[in-house]
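Enquirer: So TrEMBL says this about it:
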BINDING   H84, D146, D202  Zn(2+) 1 binding site
ACT_SITE  D86  active site
BINDING   D146, E180, H385  Zn(2+) 2 binding site
ACT_SITE  E179  active site, proton acceptor
DOMAIN    211-310  domain 'Peptidase M20 dimerisation'
Amino acid sequence: MDTNYYKNNLLNRFLYYVSFDTQSKPNAKSSPSSIGQMKLAKYLQKELIDLGLQKVEVNKHSVVTAYLPSNRPALSHTIGFIAHLDTSPECSGKNVKPEVIENYRGGDIALGIGEEFISPVYYPFMHQLIGKTLIVTDGNTLLGADNKAGIAEIMTALEIIQKEKLPHCNIRIAFTPDEEIGLGMQYFPLADFPCDWAYTIDGGEVGELEYENFNAATAKVYFSGRSIHTGYAKDKMVNALTLACDFHQGFPKDEVPEKTEGKEGFFHLEHFAGDIEKAELHYLIRDFDLKSFDQRKQFVLDWTAKFNAEKGLKIPVECVIYESYKNMYEVVQQTPQAISIAEKAMDLCGINVIHKPIRGGTDGAFLSEKGLPCPNIFTGGYNFHSKHELISLEGMEKAVEVITEIVKFKKM
Ligand SMILES: [Zn+2]
């Protein structure tokens, strides 16, 4: 196998994909939120057809799907691989001008004309990348490794599987829009994507294997007041803003995102708006453990009831809880091979597996909740959503290798 040939193809694919401006637009009502995502989807459709995949389709929401039937009778199960087309709205993804640094010598890297730089002083992980080929930005945009590295890795794995005639199970591919704005999964054709399990290739450093994420809900709390001229307000005015401030004092002070890490949950006051007559607070509720997640929701409801009883308000405070997403582990643990096969594949590739709980949600969490277990695998990238985003070509090669190994294992 000519590994240099595939390494070059991997690099060229990646560099070409990041030339598409696929930034998603916040507050969009439907997918794709930007035309660039459809352009990239159409291009990938052509490439998948050229690679010999079947049932290659792009729906009107820019979801690309494709199928590669197994070439061994013993490998009759189906594994899906998923990556997203869009880039983050947090940083421009237009006119990305990647720079390739061969044999990184260590030390600072000046980006573009040098107004921005990345340094191992701020990013100690850069020490591990000495000697590698790095791809960085020119300091004006993000790179788009999140998640075009995932797409390039899946595509290159398919190319190797096909050209080298490697043994593989049934494979399903999906490239999806608008992951960054949490919209794309609404349009995912799950019924046409039957898999035993799937992986998103959307993680960070080499070795990351993620299958636990937050349970998430939002509590919206509404306060009603009574406005009276301040000169005559005594015993008459009810200030909704003051009520909201008092209400917030009832929350545990240390259970907030800025004071928690790892598997600790929190309440996060993310929105506070109002005037004398009306006010509202929005809290994000997050916890890995389902039981303590339920307790957190109950806490907000109980505190609302207690607050109402204490204040004796004419119009009581109202609290509504909206569910967001669930910890995928609840579903993934029912298909332990989704984890064990990925671990074995990484082991074969000489990679140390890094288990990290995701302090957020992923498209895989959404799919898991719908019944398709979907852990997340590394891409090899760092500093996503930023001008300082970078990736190593060798890390990307590792992801390709892991994919080609995963599809070789028999399902028990
Ligand atoms: Zn991503």
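Backbone N, Cα and C atoms are what each Cβ position is placed from, and that goes for glycine too.
Bear in mind that TrEMBL entries carry predicted annotations, made automatically and left uncurated.
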Enquirer: Note down the number of other Cβ atoms within 10 Å of the Cβ of H385 (Zn(2+) 2 binding site), including every protein chain shown.
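Expert: By my count, 15.
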Enquirer: Please name which of the recorded positions listed here, H84, D86, D146, E179, D202, is nearest in space to H385 (Zn(2+) 2 binding site), Cα against Cα.
Expert: D146
Enquirer: I'd like to confirm something. Which of the recorded positions, D86, D146, D202, has a Cα closest to the Cα of E180 (Zn(2+) 2 binding site)?
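Expert: Sorting the recorded positions by distance from E180 (Zn(2+) 2 binding site), the top entry is D86.
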Enquirer: Using E179 (active site, proton acceptor) as the reference point, find which of the recorded positions D86, D146, D202 has the shortest Cα-to-Cα distance to it.
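Expert: Closest by Cα distance to E179 (active site, proton acceptor) among the recorded positions D86, D146, D202: D86.
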Enquirer: Near ligand 1, which of the recorded positions D86, E180, D202, H385 are found, taking a Cβ distance under 6 A to any of its atoms?
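Expert: Close enough to ligand 1 are D202.
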Enquirer: Could you count the residues of the domain 'Peptidase M20 dimerisation' (211-310) that DSSP puts in helix, in strand and in coil?
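Expert: Tallied per class, the domain 'Peptidase M20 dimerisation' (211-310) gives 36 helix, 32 strand, 32 coil.
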Enquirer: For D202 (Zn(2+) 1 binding site), what residues in its own chain, 6 or more apart in sequence, show a Cβ-Cβ distance under 8 Å?
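Expert: The answer is I82, A83, H84, D146, N147, G150, E179, T362, D363, G364, N376, I377, T379.
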Enquirer: Quick one: mean pLDDT on the domain 'Peptidase M20 dimerisation' (211-310)?
Expert: 97
Enquirer: Among all the protein chains here, how many other CB atoms are within 10 A of the CB of D86 (active site)?
Expert: 30
